[in-house]
Every structure is written in C-alpha cells, then in structure tokens.
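Q: The structure under discussion is supplied below as structure tokens; questions concerning it will follow.
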C-alpha cells in the first residue's frame, strides 16, 4: 500500500487530469444517450449512481489503518490539492443550490453570502492556518486543550464543534435529500438515507485521507457542473460565453423589465426595504451577516482541520490562497446565475398563458419547488400555492408565480430549455457539493468524539486499532442521527448553515485568535471565552427563534424588539437584527470575557508562553506542547 | 525540518514584522468587507458594462481583492521567514 500511495502522490496531476477527462467524456456519452431517446429518468440514475460509485471507489482505495492517515491524511496533501479539497469541503448544498436562489430573491442583500463566505479566508490566512499547522495535532479541540490547560477547555470546544457541525450537517443532508428525491423519484425521507449511504462510503474506511481525495474529485465535478449551464445560458442570451462579465447586460435588462412589471425592490438596489426605500435596518443586517459568516469561516473546525493536512507551514498558507481561489470561481459566478435565471423568468414565464407554460413548471411543481398559482384550485397541483390567490385569468402574473430558493440552480437548465443531460450534470454537481461538505463535517464530529472525548478523556491507553474502530462506529451513528433529523424536520438550508457559522464564530473564534496572538491569556480566559460566547449565542438563538413573544415581553429593556412571522413561528428581531446573524451578540461577548478574565486572572505560565513562541515560527519543534497536562 | 535558532530579541523582531503584515492586511480586509459597501447606494449610480458599481464591488470586486490578499500574505510572510531563516521548506 505504501508503494501505491507514493505512486499516487507523485502522479496527482496525471490522475486527476485523466479523471476530469473521463468525467467530461461520460457527460458527452450521456448526451448521446439522450439524443438516442433514452428516458430522462435513466439518465438521472446514471449520473447519480456513477458519480457515487466513483466516490466510493476512491474511498475504498484510500482505506487506511494508520492514525496519522486517518486523522490528517498523513500530512501529505500539497497546497494546490488541499485548496481544491477545501473548496469542496467549503461549498455545500447551501452554496451550490441555495446561494444563487438567495441572490435571485434578495438581489443585493443576497450578496452578504457571497462576501461573507469568501472574506473569512483572509482571516484564516493571516490569523490562524499557519499557526494551527505548526501546532500540528489532530483536531481543533487539541489546540484548546494544549493552550488552555487541558480537558475542561477541550470538552467545551468539543461541545461547540459538535453543535455547530451537527446543525450544519443536517442542512447538507436536506440538500442531498432534495437532489436525490428529484432525480431518483423517491420520497424525501428515503432519499436522505440513500444520500447518507454515499457519504459513508466516502469516509468510513479512510477517514481524512479518503475524504481529501474524494473531495478533490468532487470539487472537479461541482465546478464543471456549476460553470457549464450558466456559460451556455450566457452565450444564448448575450452571444458571449463569459457569464461573469456578460451578466451586466442581464442586470440592465432586468432593471428595464422591473419598471414594466412594477417590481418595487430593484435587483441591484443596496439596503432597501420591500417598498424600495433606503433602510438602515437592511444595511445593518447586511453587515452583521457578513461579519458572522466571515468570523464563522475562521472558526469552523471542519475547515480549520483541512490545514492540518499540508506537509508544511508554508504550504498551509499557500493552500489558503488556493482554497479561496477555487471557492472564488463558484462565488463570483453565482450572481450571474441569479441574474440570467431572473431574466429568463421575466421574459419567458411571466405573462404567459397557463396552458402554454413550459413543462418544467409542472415537473418541479410536483415536488413543491415551483408554483403557478393563477387558478383558484392551483394549490391542489402546486404545494407552493397554498395561501396564494390567483385572479384566474389564465395568464401567469408576477405575483402568481412562486419559486423555491433551492429550485433556481436546479431548474435553470430546464428553464432555459437546455437538454436534460445538463440537468443531470447539475444534480451530480449539487450532490458532490452536499456530500463533500457532509463528509468533512461528519468526520470532524466523529474525530472529536473518538479522538478528543474517547481517547483523550476516557481511555488514553486505547490502542490504534480500537480508536479507529470507535471512530468508524461513531461516524456511522452520527450520520444516521443526522439523516433522521434531516428527514423528519427538513428546513431552510441557508438558515441552518448560517446558524452553524454564528455558533462556531461565537464559541471558538476568540479563543483561537487570542490563543495565538495574546500570550498573556491564561486557562481561565480561554474557558470563559467559550462559555460566554457560546452560551450567549445559543441563548439568543433559541430564545428569539422559539420563544419570540417571551423575548419581546421580558427583554424590552435591551431596546427595540419586534416580532416577525417566519418559518411558521413568531421570531423576535432584537434591534431589527435577523437571528440568522445571532453571532453578532456572541462574538464580541467572547472577546470581552476573554480580555476581562485574562487581565484579572493569572497570566499564562512561562512554559505556555514558550509554547506560543514556538508555534509562531514555522521552523523548529513545538515546545512544551504537553505543558498544560 | 530546519531548527528555530532565533534569540529572544530576534523572535520579538520576527513577530513584530509578522504582526505588522497581519495588521496591514486586516485593515485591507476591513475596507473591502465593510467600508466601501457603506457607499453602495451612491456607487450604484455609476454603471460599467451594465453593472451598477456598488453591486459589482460586492459581487466581484471585493472577492478579487480577498484572493489577492491571501496571495499577498503567503508571499510576504514567506519573505519574512527567509529573512530570519525560519522557513520550514
């Protein structure tokens, strides 16, 4: 195995070039099958099962019994490939499926996601990645334990890690379920479990090593799948296949159509309310969300642990730049998607007779992602039409058209009348995005449980074999629980994901940053930072989401609180801040707690300060890593 | 792996340079993450290739700046590491 592994690492470029060629060839082959009249359903099956099969094969080939390979891929992942793997790890169902939809509906306000999910890498690059790589252990809680005096800090970090990652992974499985349900024509709950099988196939046997090399494969598929439809659309609509530049024209046409259709909130207008007036609340929500997402980026353990896998500190830094570049490719394209999709809907759907609507309206309508709500009984055919009263004139007006956020990307190829093979490709890409993130998250959770809780806190004498078996069993268990929650609850993907960011940001960011940049911070500071940040964030999240009326009644001393009916609940908005950015309360609180406790309590010991000095410099060994124990 | 042979004062000088670089990039990050977007409504009055400028900065301009900042940090920090002879490869 060692010889094969060496051969593989030496030939990475060739291996993935052949793989990319084979995938393109496969897509063309499916296109030919479609021309020969093979039914769409079969094409969908081929795309999903063949890509799943490839991931499973990589997962199996990368199986390992070595702790170093299982937890940190043998620290042998070059910067470039770690960048791709991080890109796939990063770009989840929310980015691939949800984000263009948010941009479609939110216009400028949706750009908070584009900014928030890229800018955080600057923080990772300058504040964290190189130092965590130099520290060189297995998990993020390892760092908290070493820096803040042992298992109390470790246990708290594990709680934050698991809460954030679990909320996040549920959202990913919902994404997998939506795609699988649509393309395999099976129920959503069952689809969640089918998707789960794919996730486990990738990560069960090979841990981080398997996840890394499948994620590289998944990145290649997801970026191809994301760029092709919008490139074709761009060349159809504008004559130039450069969507990222040409959607400026689409924006101009949308602006013109908005006037004739009577849209009050222009697509590109910044900080406006539903009536199109300037709104400071909209502006503060925009900036609050950006801050939470960016700080969350620099705190999410499944991302930070990717930088444990590079061969050197220098490559960890290079790898952050590569990661952001690969992520950038998708994110600077997403607004183009939204613009072209909106233009298509405004031009070819709105104002058409109901009888002449394109076929995709019915097919996506049947799973509740599209609604044409003109007729009085439209809700019988379209679940989305519940509560919408159409005027029954046989023409689809703008206010009678309903589109689910997640449908924008998935349905765009059909909306634009592209062949079905492109729809299959997008499904494969969405699946790759959701699976790769779910893999990384589940691995982060299972590693925290097996390495941090079991090995470090319960049984430090456990041998390698036992640790790896425990890790795999836990991986399976966590996955099943997550799939069960996803299947029964279902939820808005973007909301769940944004909460995960806020939770991680409030709980871990201050401890990570000050742990490296403020030598004085002692054990108590680190511990209180997590408790206050995480505690406050969770309190506000649960209180505003589930006990909105109580918050309004008992916390009005905080200032302006209003109740918004959303997600079937009465949700409290404190100072008009949407609780999607709930981290805005926890992040400063964590810093404040750390600084206050840091100054009034005992400073970190001389050994600890020496340890910090040693992780600040790339060369040399890490000194006193065990000083805290 | 190369050894870290820095004296206490060299270590302090190394960290001062590293921190200076961090602060400069952090400032740039703040400008492109928040500051320029305060003027998005005004910038939107200007249209380039159909893009309102405020929208463009949030959709593309800042993103390009972020990628460049990460490259800038990797290159400059590497230079500092070499200057002090503490690079690890």
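Each Cβ is built from the backbone N, Cα and C atoms, and glycine gets one as well.
TrEMBL does not curate its annotations; it predicts them automatically.
Remember, predicted model here, so these are calculated numbers, not experimental data.
Residues or ranges marked as domain 'Sodium symporter small subunit' in TrEMBL: B:12-87. What TrEMBL lists as transmembrane segment is B:21-41, B:53-72.
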Q: Restricting to the same chain and to residues at least six past its boundaries, which positions have a Cβ under 8 Å from a Cβ of the transmembrane segment (B:53-72)?
A: 25, 28-29, 32-33, 36-37, 39-47
Q: Please count the residues of the domain 'Sodium symporter small subunit' (B:12-87) that DSSP assigns to helix (H, G, I), strand (E, B) and coil.
A: 62 helix, 4 strand, 10 coil
Q: Return the average pLDDT for the domain 'Sodium symporter small subunit' (B:12-87) as a whole number.
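A: Per the prediction, mean pLDDT sits at 96 for the domain 'Sodium symporter small subunit' (B:12-87).
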